[in-house]
Ligand code: HEC
């Protein structure tokens with residue numbers, strides 16, 4: 001009879017230890033998942049950096065934030081199809097359209113969305129991207 005009651009305690013100890021291990025793994029995994037969501041150890045969301053000294057990068061970035069809603073990811077609208085721009089316009093033309101916006105030729109195109117530097121960068125980007 002000696003020793004038999006100890007099995008009960010041993011079983012409780014094993015179950016307890018197993019639970020502790022399992023729970024701490026779950027905790028670690030949850031921390032990883034949360035860090036992944038937050039985008040890094042410091043809790044800072046990952047940020048896309050744009051090289052604003054490169055006109056093509058600045059143009060693309062500005063197009064995506066300011067123009068894509070009307071002219072689309074493929075430059076085919078919903079409004080104002082920009083495909084093949086280089087066949088219709090020079091860079092100067094495009095800069096003027098961007099800066100001056102709507103007129104008799106371009107009703108619906110808003111003026112003054114971006115400054116002159118960004119307009120030039122977008123024009124350069126569009127001439128390449130809409131070929
Ligand atoms: C509110 C909607 C809207 C936004 C925002 C917008 N546009 Fe337009 N855009 C138009 C419309 C409408 C036209 C006229 C299309 C037409 O007449 O065929 C146009 C025309 C143009 C044209 C002349 C196209 C051609 O074939 O002659 C260019 C270039 C242009 N937009 C560039 C831009 C750029 C660059 C931006 C961002 C800075 C921008 N647009 C933002 C609506 C918009």
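Every residue gets a Cβ built from N, Cα and C, even glycine.
In TrEMBL, annotation is done automatically, which means it is predicted and not curated.
Annotated features, as they stand in TrEMBL:
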type	residues	note
TRANSMEM	6-28	transmembrane segment
DOMAIN	54-130	domain 'Cytochrome c'
BINDING	67, 70, 71, 109	heme c binding site
Point to revise | binding-site residues compared (67, 70, 109) - the one with the fewest other Cβ atoms within 10 Å | key: 70
Review point. When you measure from the Cβ of residue 71 (heme c binding site), which residues in the chain that are at least 6 apart have a Cβ under 8 Å away?
Key: 63, 77, 79, 80, 81, 82
Practice item. For the domain 'Cytochrome c' (54-130), give the DSSP counts of helix residues, strand residues and coil residues. Key: 45 helix, 0 strand, 32 coil
Exercise for review: Just report the maximum Cα pair distance in Å for the recorded heme c binders 67, 70, 71, 109, no decimals.
Suggested key: 10
